[in-house]
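Step one of this worksheet: look at the structure below.
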Amino acid sequence: MASCKWVPSFFTVLLILPLLSSSTSSLSPEELAQIPVKFFDFAKRQELFDYMVGVRRTIHENPELGFEEFETSKLIRDELDRIGVRYKYPFAGTGVVGFVGTGGPPFVAIRADMDALAMQESVEWEHKSKVAGKMHACGHDAHVAMLLGATKILQEHRHELQGTVVLVFQPAEEGGGGAKKMIDEGALENVAAIFGLHVSSSDPIGSVSTRSGPFLAASGFFEAVISGKGGHAAIPQHTIDPILAASNVIVSLQHLVSREADPLDSQVVTVGKFQGGGAFNVIPDSVTIGGTFRAFSKESFMHLKQRIEEVITRQASVQRCNATVLFNEREKPFYPVVVNDKDLHQHFLNVAGDLLGPRNILEKPPLMGAEDFAFYQEVIPGYFFMVGMKNESQGKLESGHSPNFRINEDVLPYGAALHASLATRYLLENQPESTLSKGDSHDEL
Ligand SMILES: *[C@@H]1O[C@H](CO)[C@@H](O)[C@H](O)[C@H]1NC(C)=O
Ligand SMILES: *[C@@H]1O[C@H](CO)[C@@H](O)[C@H](O)[C@H]1NC(C)=O
Ligand SMILES: [Zn+2]
């Protein structure tokens, strides 16, 4: 059989091809357009709204960091049990993958991240974080509530689902790359497309913002130890000063973007950490610096990585220091570029347009922020968008990662309805063509 290895894969291709060609559903355009409206009405009902608010506040009070979302994961599984939805667990430690619908193809995924940040909440309110030094300051508590809300909508309308919606609850979006581990453990098995969202403090409630193609940057972190020889500050000739060497390294790193990169190809190198010394009159043995780098293509990103390493080691040696550079990929994996699929962009415009009105779909410029949703998009077509929650009449909202960050809970029904509608319409509009009804069926099968 070894010599015939190509045969099964050749036939597999023939079998899969008809699945990839989409056909429109039996519903009329008017009936399709009604689905998001119906789901949004359902999401806004007091009962479902209160449910999502309750879930979100419970999670907000008990924030857990990346890969430690044990209680959050338990809450999700308990809710899925209560709703009556089948799931698999664990993925990536705490991740949960649920299934609503026929159990058969096509499969489309919707995703929420579950992790909090290591920071102290400053907002004084009834449901403030009960864990010192941990806070849901990026809205992932709301993302989980929205996905559970969407699960309720989908389960209520499960008989209208022509396929299966895969509910992806993933750990560790904030630097840990939980998405990558979810994929490695099979969370995307058979899945044809995936949708993900993030709440936005800067966009008005009732709007979504997004773009086709590259949307968020690739991101990586570096840390370097620059070692010299410590000694008395007044006798520098007997020392090798790592503080001065590190200062020159940082200045030289700024030339990478300003002098080496194409000005039209957005990139960032930021040194955010500089640690060394402790006394006014002592030159220390070593200095540690650290930072992040961003780019909008894999090529630019990998080039930056190489040059950061070269500039640090070579610039350090100019001043007789040694330097070691670490990228800590195991702990903080490089995030790829978030690239929104062109066909899914059209799907999004159609569905979100039916739900919110085309005027409320805003085109967002690319952002240098990063999202591990990009890992899914490396494997299958994916689509990521922002859901606005700014309501001028309720005051200003701080942006994410601020200790004063808060969610406008009015956003919850929008997220739930968008999730449920995008998935349901995707299934209806991407039905496998019947292989028998086609004249071009392959005799050899
Ligand atoms: C740098 O490394 C070389 C080779 O290991 C070593 O001989 C030298 O002493 C080091 N210099 C400093 C300043 O640490
Ligand atoms: C914005 O806030 C006002 C005042 O609380 C409220 O009446 C209105 O419904 C909010 N708008 C949306 C779209 O939620
Ligand atoms: Zn976030």
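Glycine residues also receive a Cβ, built from the backbone N, Cα and C atoms like all the rest.
Because TrEMBL annotations are produced automatically, they should be read as predictions rather than curated entries.
Here's what TrEMBL has on this protein:
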type	residues	note
BINDING	CYS138, HIS140, GLU174, HIS198, HIS401	Mn(2+) binding site
DOMAIN	223-315	domain 'Peptidase M20 dimerisation'
SIGNAL	1-26	signal peptide
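Everything TrEMBL records as a feature, shown here on the structure.
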residue: CYS138; record: Mn(2+) binding site; DSSP (3 states): coil
residue: GLU174; record: Mn(2+) binding site; DSSP (3 states): coil
residue: HIS198; record: Mn(2+) binding site; DSSP (3 states): strand
residue: HIS401; record: Mn(2+) binding site; DSSP (3 states): coil
So among the binding-site residues HIS140, HIS401, who's got the most Cβ atoms within 10 Å?
HIS140
In this predicted model, the domain 'Peptidase M20 dimerisation' (223-315) has a mean pLDDT of 98
My understanding is the cutoff is Cβ-Cβ under 8 Å with a sequence separation of 6 or more in the same chain; which residues meet that for GLU174 (Mn(2+) binding site)?
LEU65, GLY66, ASP113, ASP115, ALA116, LEU117, CYS138
In all the protein chains shown, the tally of other Cβ atoms within 10 Å of the Cβ of CYS138 (Mn(2+) binding site) is 21
The domain 'Peptidase M20 dimerisation' (223-315): DSSP-derived helix, strand, coil residue counts
40 helix, 30 strand, 23 coil
